[in-house]
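**Q** As listed in TrEMBL for this protein:
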| type | residues | note |
| --- | --- | --- |
| ACT_SITE | Asp325 | active site, proton acceptor |
| BINDING | Gly205, Arg269, Gly270, Gly294, Asp295, Gly296, Thr297 | ATP binding site |
| BINDING | Asp295 | Mg(2+) binding site |
| BINDING | Thr323, Ile324, Asp325, Met368, Gly369, Arg370, Glu424, Tyr476, Met477, Ile478, Arg479 | substrate binding site |
| DOMAIN | 198-500 | domain 'Phosphofructokinase' |
| SITE | Gly296 | site 'Important for substrate specificity' |
Amino acid sequence: MAFSASTYGVDLINMHPHGIQLCEKHPFVHLSNSKIRRFERMIRAGSQMTNSRPVVNKPEIDFSDPDWKRHFQEDFDKRFNLPHLRDILAIKPRPTTFSLKSRIPLDGDSAATGSWNGYVNDDDRALLKAFPYTKPVCKAIMKQIFKPQCVSWQVIKFASPTSAGAECIDPDCSWVEQWVHRAGPRKQIYFEPREVKAGIVTCGGLCPGLNDVIRQIVLTLEKYGVKNIVGIPYGYRGFSDEGLSEVPLSHKVVQNINLAGGSFLGVSRGGPSTSDIVDSIQARRIDMLFVLGGDGTHAGALAIHNECRTRKLKVSVVCVPKTIDNDILLMDKTFGFDTAVEEAQRVINSAYVEARSAYHGIGLVKLMGRSSGFIAMHASLSSGQIDICLIPEVPFNLEGPNGVLQHLEHLIKTKGNAVVCVAEGAGQDYLHKSNTTDASGNVVLSDIGVHIQQQIKRHFKDIGVPADVKYIDPTYMIRACRANASDAILCTVLGQNAVHGAFAGFSGITTGICNTHYVYFPITEVIESTRHVDSNSRMWHRCLTSTGQPDFN
């Protein structure tokens, strides 16, 4: 049982009739050198990673080998080992300057010899996608409820690969432990804070919470004693455009930027070649680069990290995952997602009011989700007002006795109104396929919302039943929102941990939340493919139960 991610409906395993194999989307697939080269070519071409799934070789697992589990775990540990500056440079650590016991950064050996126990050991690990069933939890509230003894949490033990949401490695659904590095401040650091120049860059599209992350990175850097902090304006473009200057950052500059949406530093897609970016990093004497972006931006950061290693530069490249679609592998969620769901719920409520107030009213809402329908699914669940939810992972028919239009006709006859929620990447087979791509290399999608709106109007006109269709596309309104409380907390912790990871000497990593714990991942593992809703997950089943919609196939 490699993962227990059915809460968020992640599709990681493909069960074949003649045995269990790892599917192309599975994270336990090696990232080939050819894929790294492809990422670098995409950066050179001024584009980022597309949302298409890479074709990768599947590792063979011999389940007849009695030691297969040990071999599997050894391979896992090797792939999830974090790249470190020690791998290429003969550097020694120094005692950290970070402590919450002092108002100013510590000096000398005081941090290492102090009594504060707020540091994370390099050997600390968190169990990937599952609560460790042997880990005791002894909090005061638990003591009150369960007496003085400790309580142990357990995870789902799947009895069969056919169980709803089951994600198994072998046919017996064996328990397989996979541990990843815990995030947080270390007692030993690999940079002299007074000599560090740190850069922050935000890439891709807007997302609620960008300013929260920028702010927290700056505040945490200053807690370590870093004085030279700059922002690179407008994404990777800021490394090469002579008309764009560095933005000096300090706690005074960023103190209130979290009160507004957008990005204080600006965003853009694409950028110069990897070599040109690293040339600029060298020329600017940047020691730490914090990159905020999605999987394409992560691919670019990985290329930058590899080029820095080739040149044997003491530069730490650390990412903070930013995707409003919540489609990055291995993580419970990414920042901006909760805000997007909350704002989408308000839009759905407006569509419901419109539909309920009109004669035979039909509200149609299109939400973000190019290849993953997490926002549409969660917004439908949270609103309780959706009758039909359509996502990219689940094919559907518009026409026919089992089609969407026939069900809408039934809803109008029985309840007098209906509300439909569709993710932007759903139903693309019904639309003209475009070969046009944006600056990130993503195929420009046709508007499924407009298409469904037109088909609904045509259908009800053909059957002689009046229908009042109200179509709402809130995409840019949601992207520009300020982060809500949940996302603000997540952004704060991610920003802090990014800085802790850089000072710990890691590079080529990203920070995220996994099984409710904050961890570090090698970038290679999170860009293997896109995270998708599992149509057999309990979360999707809950959504279907809430909407009451039938199978549209």
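Residue 1 is the first one shown; counting continues down the chain.
Every residue, even glycine, has its Cβ placed from backbone N, Cα and C.
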**Q** Please list residues from the chain of Gly205 (ATP binding site) whose Cβ is under 8 angstroms from its Cβ, counting only those at least six apart in sequence.
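**A** Correct list: Val267, Arg269, Ile324, Arg479.
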**Q** Within the domain 'Phosphofructokinase' (198-500) only, compute the mean pLDDT.
**A** 94
**Q** Please name which of the recorded positions listed here, Gly270, Gly296, Thr297, Asp325, is nearest in space to Gly369 (substrate binding site), Cα against Cα.
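**A** Out of the listed candidates, the nearest Cα belongs to Asp325.
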**Q** Among Thr323, Ile324, Asp325, Met368, Gly369, Arg370, Glu424, Tyr476, Met477, Ile478, Arg479, which the record lists as binding substrate, how far apart in Å are the two most distant Cα atoms?
**A** 17
**Q** Of the recorded positions listed here (Thr323, Asp325, Glu424, Met477), which is spatially closest to Gly296 (ATP binding site) when Cα positions are compared?
**A** Thr323
**Q** Which ones are near Asp295 (ATP binding site): of the recorded positions Thr323, Asp325, Glu424, Met477, which have a Cα within 10 Å?
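**A** Within 10 Å of Asp295 (ATP binding site): Thr323.
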**Q** Near Thr297 (ATP binding site), which recorded positions out of Asp325, Glu424, Met477 have their CA within 10 Å?
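**A** If one measures from the Cα of Thr297 (ATP binding site), no recorded positions come within 10 Å, so the answer is none.
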**Q** Can you tell me how many other Cβ atoms are located within 10 Å of the Cβ belonging to Arg269 (ATP binding site)?
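**A** By my count, 22.
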**Q** At the level of the C-alpha atoms, what whole-angstrom distance separates Asp325 (active site, proton acceptor) and Glu424 (substrate binding site)?
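**A** On Cα coordinates alone, these residues lie 11 Å apart.
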**Q** Of the binding-site residues Thr323, Glu424, Met477, which one sits closest to Gly294 (ATP binding site) when you measure Cα to Cα?
**A** Thr323
**Q** Give me the CA-CA distance between Gly270 (ATP binding site) and Thr323 (substrate binding site), in Å, as a whole number.
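**A** On Cα coordinates alone, these residues lie 16 Å apart.
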**Q** Rounding to the nearest whole angstrom, report the longest C-alpha distance spanning Gly205, Arg269, Gly270, Gly294, Asp295, Gly296, Thr297, listed for ATP.
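**A** Overall maximum Cα spacing for these binding residues reaches 13 Å.
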**Q** Which is it, of Asp295, Glu424: the one of these binding-site residues whose Cβ has the most other Cβ atoms within 10 Å?
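**A** Selected residue: Asp295.
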**Q** Provide the number of Cβ atoms within 10 Å of the Cβ of Met477 (substrate binding site), excluding the reference atom itself.
**A** 14
